[in-house]
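Everything on this sheet refers to the single structure shown next.
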2 protein chains.
Amino acid sequence: MKQKLSIVKIGGYLIEEEARLSKILDLFSKIEGNKILVHGGGKKATEIGNKLGIETKMSNGRRITDIQSLDVAVMVYSGLVSKNIVAQLQAIGINALGMSGADGNTIQAYKRPVKDVDFGLVGDVKEVNAYGIFQLLQVGFTPVFCALTHDGKGQLLNTNADTIAAEVAIGLSQDFDTTLYYCFEKKGVLQDIEDEDSVITHIDSKNYDVLLAKGIIADGMLPKMHNCFYALRNNVAKVCIGDDSMLSENNSNFTTLTL
Amino acid sequence: MKQKLSIVKIGGYLIEEEARLSKILDLFSKIEGNKILVHGGGKKATEIGNKLGIETKMSNGRRITDIQSLDVAVMVYSGLVSKNIVAQLQAIGINALGMSGADGNTIQAYKRPVKDVDFGLVGDVKEVNAYGIFQLLQVGFTPVFCALTHDGKGQLLNTNADTIAAEVAIGLSQDFDTTLYYCFEKKGVLQDIEDEDSVITHIDSKNYDVLLAKGIIADGMLPKMHNCFYALRNNVAKVCIGDDSMLSENNSNFTTLTL
């Protein structure tokens, strides 16, 4: 039987507020078995970028990563956010190791090809070095990934943290019985966006199409759902979406996705 | 017989100039056997700190690390400098892993006690987790340490990179036949500070006292020498000081220190 592995992605305001972050790290530390944390850090990067006078460049609502923005992302994601999370996890007994995809060559990517838009130094994942991550888990480390990859030729690349979580989960599903948790600011996928208590507790391929057709899943939720089903179709056992309380043992009020 | 381990500390302008950094990383990649890189990043941190409007606070010529300065150090050392070095090493076949002392709980420190001066968030090394570093080396990773440690209670601390190199070398000398290389901007310890070709090729405890008495070793070289002899007295086999060419196979024009 495969060993269990939990991959938890945290983002948005969960990592902006100190007390909230402490709470989620505490819940994460209590997860039994192998585990991996993946974090974003976008808001903090925007804040530091603004202070440094670096404009956030957008094209059709999508962020463009030029070399200056990448430097800020590297400083904030793999520096400020990663190392503070690692230090806090160490303080509660988790032997965390903060990593970008360049570290241990764990996640290689290629620069996104230019079609209508040149996104700049943005990477689409090419390969997850599952064996390298497996080795770290086996010797007792808990990898903490930020939203950065590399191209294997010396260039760091900005890669969406949700995507990194999905790709790492897929890469490790050959060796592990993997559950992927997407923690964000809502309790789950909501039937009614205005009603926090209207969590849809289970989504599978069948009712997903219905929810899409009804427009219940729309906007920012679409790429998240895309990542979830992409992971499920590639051997990830289970994907869960909810807020930090999803990691508590006695809570079942979140969205579970299966094929 | 113990396995060989080379610990190379790079700092100053060696890591500021892209071409120079590439050259030194290339030389580092060719060192046979187990190896560890330790880097500073002070000038870049000052530059980013200035851009963010953070004043460098000094007391008697010593830098004080307040929370804002620490954040900058974390962003620059463990983010910008570390990850770019790691990506470059990966591109030349070295499976580098960029770390602070919090990662893998590799280097614990305590906040420097307040005597005449409160240095702020500066850490003096308490313990190197030699076994953790050993495990990383055994599975084929090349650790790249920056100048940050943690207190085990969630606080990151700023720690001098020369000290980190010495402490890591000492910690690993039980398991390895360790050589510590301090790469800086001069060819070695100079007999005449004005003459780049006056390298003293060998210093031991005996002629060290003579060099001290004559004032040949003074100023910034004193803490470096202190680190060297501290390492040698604690089982590090050999310490070398010189510029990047010291890592070339055919060069012997640098300073070697033994007890």
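The backbone N, Cα and C atoms fix where each Cβ goes, and this holds for glycine too.
Note: TrEMBL annotation is automatic and uncurated.
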Per TrEMBL, A:Gly41, A:Gly42, A:Asn158 bind substrate; matching candidate in A:Arg63, A:Arg233: A:Arg63
Spatial separation of A:Lys224 (site 'Transition state stabilizer') from A:Gly41 (substrate binding site) - C-alpha basis, Å: 17
Largest tally of Cβ atoms lying within 10 Å of a Cβ, found at which of the recorded positions A:Lys9, A:Arg63, A:Lys224: A:Lys9
Neighbourhood of A:Gly42 (substrate binding site) by C-beta distance under 8 A, where only residues 6 or more apart in the same chain count: A:Gly11
Cβ-centroid neighbourhood (8 Å) of the substrate site, A:Gly41, A:Gly42, A:Arg63, A:Asn158 excluded: A:Gly40, A:Ala45, A:Thr46, A:Thr65, A:Ala73, A:Tyr77, A:Ala147
A:Lys9 (site 'Transition state stabilizer') versus recorded positions A:Arg63, A:Asn158, A:Lys224 - nearest by Cα: A:Lys224
